[in-house]
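If you check TrEMBL, you get these features:
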ACT_SITE  102  active site, proton donor
BINDING   66, 90, 344  substrate binding site
BINDING   185, 216  NAD(+) binding site
SITE      142  site 'Important for catalysis'
Ligand SMILES: NC(=O)C1=CN([C@@H]2O[C@H](COP(=O)(O)OP(=O)(O)OC[C@H]3O[C@@H](n4cnc5c(N)ncnc54)[C@H](OP(=O)(O)O)[C@@H]3O)[C@@H](O)[C@H]2O)C=CC1
Ligand SMILES: O=C(O)CCC(=O)C(=O)O
């Protein structure tokens, strides 16, 4: 099932749980606006190369639309649509005053030079600058993008609209980025995992973790879980997968990946088949890379007791059903990885206030939001006698539906 069909299915199940009117259901499902732009840039060798960029603005009932921009070869309109919709429910679950959006460019950033990436980002911004803005749609980093990408967007946007730091979040600190945003998604994953384990009479310390993806989210989650005494027994990235039953030395791995651009070849662990990373024996599995990786092909073989979805849409609905029967507890993406957008909200607030918070305040506030989010999701599970995914979806969809009805449709 593709990402959009899967997301629509989860939305419709939640809508039925809530008893939403079918017309309201339809209006919540259809995106507010879908943008597709051609981005042609001269490559460093003088030849021209064209790329397609997307921005899907799904819903703005609760506030400006918000969501990352992804640079990846597999970016396609259906996936961006699904990810934009997930952002709408995610910002509502986190209870921050935003709607949802997502963007992407179909490209392989590892094959582009820094100056080619800068040209591509600037051309994309030129094409969408009228449709984003501090109170309209606020992009942020996602896979293949980061603070430097946000700095280029900020600069290009400001040429048209005047200096506007709050038009993007996840910026470098020197340009108004928030302390703690870089680590925020991984830190949110830590807080979410702690909440889930505590509820099950366990703690991070003593649990065995497997993490797929060692980029922004995966590496921060690994570092913070390691600092709390969790044992990380296997990790992977695009270069390969490694395993050490006794626990991987994460500080050494972080140093190694900076120097070697990947986990492959790390001396303190054995190399394993990348395809088997999700099937490794562990207590908690944390997918932190691509979507759709847990599906009907592999769900039966998963050994973890808990899955914490740091990636967006890592679990296919077929796999959800199989894992539920096996008794595996899944903490869904729209709650588990909401730490990133929550600190993006803090960054936006700081930019608008013109006042910078210290990192302790950012991290404490993030913990408050993640703790409250877990309680709100659990309350919905109790009310609707459903699993955590439906608890999170029904929480998010209900908040957006209420805002939509309150705003009304009068022309
Ligand atoms: N950044 C954020 O704030 C947020 C991100 N997310 C989600 O988290 C996930 C990861 O994003 P982020 O960490 O920002 O992205 P990054 O680009 O920083 O990292 C992605 C990681 O995934 C690895 N990867 C790519 N393809 C594969 C593969 N086939 N198998 C194993 N690993 C792979 C990459 O390897 P390599 O580096 O070697 O290419 C890299 O380690 C995405 O689903 C994203 O949507 C969710 C909420 C917020
Ligand atoms: O920080 C943000 O605004 C969005 C992050 C994001 O893209 C996500 O949560 O998937």
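Using the three backbone atoms N, Cα and C, a Cβ is placed for every residue, glycine included.
A separation of roughly 10 Å, to the nearest angstrom, links the Cα atoms of residue 185 (NAD(+) binding site) and residue 344 (substrate binding site). Of all Cβ atoms in the shown protein chains, 25 besides its own fall within 10 Å of the Cβ of residue 142 (site 'Important for catalysis'). When the binding-site residues 185, 216, 344 are compared by the number of other CB atoms within 10 angstroms of each CB, 216 has the fewest. Among the recorded positions 102, 142, 216, the ones whose Cα is located within 10 Å of the Cα of residue 66 (substrate binding site) are 102. Cβ neighbours of the residue listed as 'active site, proton donor' (same chain, under 8 Å, six or more residues apart in sequence): 55, 56, 58, 67, 68, 69, 70, 80, 83, 84, 86, 87, 142. With a cut-off of under 6 Å between the Cβ and any atom of ligand 1, the recorded positions 90, 102, 142, 185, 216 reduce to 142, 185, 216. Cα separation, residue 90 (substrate binding site) to residue 216 (NAD(+) binding site), rounded: 19 Å. Neighbour count (other Cβ atoms within 10 Å of the Cβ, all protein chains): 29 for residue 66 (substrate binding site). On the backbone, the CA of residue 216 (NAD(+) binding site) and the CA of residue 344 (substrate binding site) stand 15 Å apart.
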